[in-house]
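As given in Swiss-Prot:
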BINDING   CYS23, CYS24  Cu cation binding site
DISULFID  CYS26-CYS55  disulfide bond
DISULFID  CYS36-CYS45  disulfide bond
DOMAIN    23-63  domain 'CHCH'
MOD_RES   SER14  phosphoserine
MOD_RES   LYS18  N6-acetyllysine
MOD_RES   LYS30  N6-acetyllysine
REGION    1-20  region 'Disordered'
MOTIF     26-36  motif 'Cx9C motif 1'
MOTIF     45-55  motif 'Cx9C motif 2'
Amino acid sequence: MPGLVDSNPAPPESQEKKPLKPCCACPETKKARDACIIEKGEEHCGHLIEAHKECMRALGFKI
């Protein structure tokens with residue numbers, strides 16, 4: 001029927017075939033970190049910067 005949403009989403013093949021790029025990893029912590037740095041300055045966002053680093057390390061990035 002037209003107008004129905006496909007209930008079978010495409011499998012996440014991109015992560016299986018291509019390695020995750022640092023720019024695409026941890027989008028939640030990256031967004032929070034970047035917003036804090038822009039609004040308050042890097043010196044006030046250490047906890048968010050560290051949280052993003054921990055997330056990146058958990059995904060295998062060496063930071």
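Cβ from N, Cα, C; glycine included.
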Just to be sure I understand the packing, how many Cβ atoms besides its own are within 10 Å of the Cβ of CYS24 (Cu cation binding site)?
11
When the motif 'Cx9C motif 2' (45-55) is classified with DSSP, how many of its residues are helical, how many are strand and how many are coil?
10 helix, 0 strand, 1 coil
Taking a Cβ cut-off under 8 Å, which residues six or more beyond the ends of the motif 'Cx9C motif 2' (45-55) line up next to it in the same chain?
25-26, 29-30, 32-33, 36-37, 63
Cα-Cα, whole number of Å: CYS24 (Cu cation binding site) versus CYS55 (disulfide bond)?
12
How far is it from LYS30 (N6-acetyllysine) to CYS45 (disulfide bond), counting Cα to Cα, in Å?
12
Listed in sequence order, residues with CB under 8 A of CYS45 (disulfide bond) and six or more positions away:
ARG33, CYS36, ILE37
Could you please provide the mean pLDDT value for the motif 'Cx9C motif 1' (26-36)?
98
Fewest other CB within 10 angstroms, which one of the recorded positions CYS23, CYS26, CYS36, CYS55?
CYS23
